[in-house]
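In what follows, a single structure is set out as structure tokens and then discussed.
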């Protein structure tokens, strides 16, 4: 094979430039395969769009209202944030038991044509969760809204489930708030009763302590001090009286022993002694005026002598009487002294008792102060619990009468008139698009696998030579016609038989919508879900 510079330049030119005619020819050569793939995917798309059951969506809207009574006047004890409250209600509604109860109560799947065979509980729960949607809307200084929607193949079932969810939301909200308010009220009632019992117990302890230390309490200190002073003063008075009596006793004895009389008092002298003393006094006065030989002096001396004789004659007989009188007076003094000694002992015992009580005062004061401090602390807690109990009772009445924060329905779910899914046009268009992409991919794959030499540039690349000319294979008209008819027959068969086959499979073997849905679910997609 000869080489020329012109041919070499032509080959290089083909290598550097994109040969649109060549790729167009390849496309037309593989066009039957492209048509077959596009037809297949288009049929699948159209069949899927037609066999998928219609799906209806019912929507309801709820509003979280603020408390009807201002917090400044009376507030509820339920302080749950609206967003948090809605989240709690949503989680309670989406439990397995609740969803199964709703599905069986409303015959969601029995009234639906989408379940050809009985579904398991897990499948029902998963389907209910996939079809139920909660949308919360809230913002700063904005009302809190809740949207509830449910999708089903039956418009009636969709509306029934959505309204059932609304009813359960309202019931759950009321139950949650009333139960929480009742629990708060019950707690504070128990707390008030407990603190009341503690107050009674502590009060009994204080009363028992005061009874056990009745006269040694801090409030008795003033009385005890006064009593101590009074008893001490009484003891001093007793000592003084006893001293006086002892002195009186000693003096009586001394006077009696010295004079024979009980006292030097004129009132206690006998008539003879008084007359004798009077005569002696008159004699002393007369001697001051007269001389010793004066008749009056002589007369008084004679009178005194006579009286002395009389006194001496009567002294022996009265001595025993005076002794008896002395003994009586001494006995009386001793009796008074014994009484004073007994009184002194009594007062000394009382003073000892008072001093003991005063010594106990500091310790008793500390213990009583501790008991009273505990009582005051319990009293403060009791007062606080009582005030909160009153608030809890008010909050419970507010919730019982639905005057607190509540959820109201602003738009009930109605039976939808038109299905929302599936989007049949989009599914059919997706089938066409997927067919075109798959057809082009098939052509590309076939060309990558085909190693035959079809262009001069390929000959140059593989053999390293530059051809002078290339003579292509020219098929006969019969070969061209046969090949064209074969492609047409294959395309016609695919276009005619494929829809029929898909319909037969869907009707008698397995529903295609469920098959496609399960296949897409494996990859996290869904034709029915949003």
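Using N, Cα and C of the backbone, Cβ positions are placed for all residues, glycine too.
Note that TrEMBL annotation is computational and uncurated.
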Segment assigned the feature transmembrane segment in TrEMBL (from 425-446, 447-468): 425-446
Stretch carrying transmembrane segment according to TrEMBL (options 9-30, 31-52): 31-52
Secondary structure content of the domain 'Polysaccharide chain length determinant N-terminal' (17-94), with strand meaning DSSP E or B: 43 helix, 11 strand, 24 coil
Averaged pLDDT, computed only over the residues in the domain 'Polysaccharide chain length determinant N-terminal' (17-94): 79
